[in-house]
Amino acid sequence: MAQPLANLALSIVARADGNGIDKDHLDFNTTNKTLIGMQRKYCTLDNGCPISWATIAYRPSIPGNVIYMLCFFVLFAAQLFYGVRKKTWTYMGALLVGIFAEAIGYIGRVMLNKNPFLMNNFLINLIPLTIAPALFTAGIYLCLSRVITAIGSENSRLKPKMYTYVFVGFDLLALVLQAIGGGMAATAKDSKGSKSGTNIMIGGLVSQVISMIFFFIVWGDFALRVRRNKISGALARTQPPLYDSLRATKAFQYFQWSLFLATILIFVRCIYRVAELWEGFSGHLANEEATFMIFEGPFIIIALTAMTVFHPGRVFGNLWVPAGKGVRSSKLGNSPSTTELHEGAEWKSNSNPYTRV
């Protein structure tokens, strides 16, 4: 009798991992969070693990998340096409990395459907989807600095290049904090380490929200000053002739509205993610799929669609590069004309809606 029991004990020890967990004999009745965490990596949908052990309280929808993933692949292809064709390299780089991260995040959600217990699946969903929008706002900041140059930098309290330096700098800070927090959460040995990582990610998101609020303030101030100068008749004196043909297009106006729409949508999405992480992974928002599927995927997809339809390369044409350098006029006799510089644009107009005084 003693020998069979000894053999059984030896076989259990042999099957146990470094923490003494036997993946074939998990304790489903334990309430010890540490023990649950050590056993969870062996859980599947078929071996009886309670769903309360899962990293989220639901299995993400396969159809919904696959549709979102495919949307991001389409947007990736479109941004790659326009970026290469129009040579908007920095803008293209920021958006492509962000869109790729979004696609990876939704692949992670599909993986969560197959196994919601694995922490790796959860992190593949969490980290890319959290950090990607910071790259999209970086692209928006690159665009607005050029818009200000084209309309007239005298109407702005900040120099056009300062929009890039200040706000992209804030974005980099947000990205670093979110990446560090995500890395800490991914490698944490216990719930305390995971919580610390989450708090750092929240800090990154909050810094992004604060920078966007400041961005709205200076952008709104610029718009009000432009409107006031237009009413007084002083606007034409501040507008660089180099961008006359650009400002004359309806697309330039639509482009500015597309940036505004994208910024609003990303801002609302960031507020949602701050609230979600603030509650913690066991909170209501983190475990409510309907809310996620409304405020995460569609908001970002609509924002990126606006930024793709009114791609800056399609609107600015060859004026994208000089606008980025803050060039206001072409002084050399052999320099290309305004019309020639605007040749790369896909919307053109020969009329100028602004009255010169």
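Quick reminder: no glycine exception, Cβ is built from N, Cα and C everywhere.
Pulled from TrEMBL, these are the features on record:
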TRANSMEM  66-84  transmembrane segment
TRANSMEM  91-110  transmembrane segment
TRANSMEM  122-144  transmembrane segment
TRANSMEM  165-188  transmembrane segment
TRANSMEM  200-220  transmembrane segment
TRANSMEM  254-275  transmembrane segment
TRANSMEM  290-310  transmembrane segment
REGION    327-357  region 'Disordered'
COMPBIAS  348-357  compositional bias 'Polar residues'
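The stretch with the most CB contacts under 8 Å to the transmembrane segment (66-84), chosen from 91-110, 122-144, 200-220, 254-275, 290-310, is 91-110. Nonlocal intrachain contacts for the transmembrane segment (91-110), taken as residues 6+ away from its ends with a CB within less than 8 angstroms of a stretch CB, comprise 60, 62, 65-66, 68-69, 72-73, 75-76, 79-80, 82-84, 121-129, 131-136, 138-139, 142-143, 297, 300, 304, 307, 312-313.
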